[in-house]
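> Okay, these came from Swiss-Prot:
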ACT_SITE  D119  active site
ACT_SITE  D137  active site
TRANSMEM  66-86  transmembrane segment
TRANSMEM  92-112  transmembrane segment
TRANSMEM  132-152  transmembrane segment
Amino acid sequence: MKPNYRIFSIVTAVSLVIDQATKILVDRTLELYQSIPVVPGLFSITYMRNKGAAFSFLSNFDYRRPFFIAVTLVAMAAIAITFRKLRDDQRLAAVSLSLIFSGAVGNLIDRVRLGEVIDFLDVYWKTHHWPAFNVADSAICVGVALLALDMIRDERRQSKDN
């Protein structure tokens, strides 16, 4: 197995297992909207359901479920195509795309199974709350940040070589 495919398999599997296990744990142990402070004034575990996308975007759109499923499948295909084009030395890009892919799959599982996504990570400062999110959302954000860093690093390396 090529190194990047090994990375993809491991990162995707680990991220997906953590995402689904935490969602199952929250769903089985908390009531909807129940909140458990972890770091008072900063972070709680709060069981929420999100019918939309980030920040509940399109949560009232009638065809949101098939729309989000279709968009996710297209994104997953684009990630897979991009991944296949990576060189063996592009390990950070491989990790990045794996995280983004696993996050997409994690939220897709929720949408197909429940028609909505389980969110539970609640970050806030006093009365100002960031929208609740989950491990899949975190994987996507970290993956995008790492991919941006990898692109900057590659650009600097190429300009240095020229």
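Including glycine, each Cβ sits where the backbone N, Cα and C put it.
Set these features in their place in the structure for me.
Using a 10 Å radius centred on the Cβ of D119 (active site) and all shown protein chains, the other Cβ atoms total 22.
Long-range neighbours of the transmembrane segment (66-86) within the same chain, counting only residues 6 or more positions beyond its ends whose Cβ lies under 8 Å from a Cβ of the stretch, are 4, 8, 53, 58, 93-94, 97-98, 100-101, 104-105, 107-108, 111-112.
Outside the transmembrane segment (92-112) by six or more residues, the chain places 3-4, 7-8, 11-13, 15-16, 19-20, 23, 65, 68-69, 72-73, 75-76, 79-80, 82-83, 86, 118, 134-140, 142-144, 146-147, 149-150, 153 with a CB less than 8 A from a CB of the stretch.
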> Which number gives the other C-beta atoms within 10 angstroms of the C-beta of D137 (active site), all protein chains shown included?
21
> How many Å lie between the Cα of D137 (active site) and the Cα of D119 (active site)?
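A Cα-Cα distance of 9 Å.
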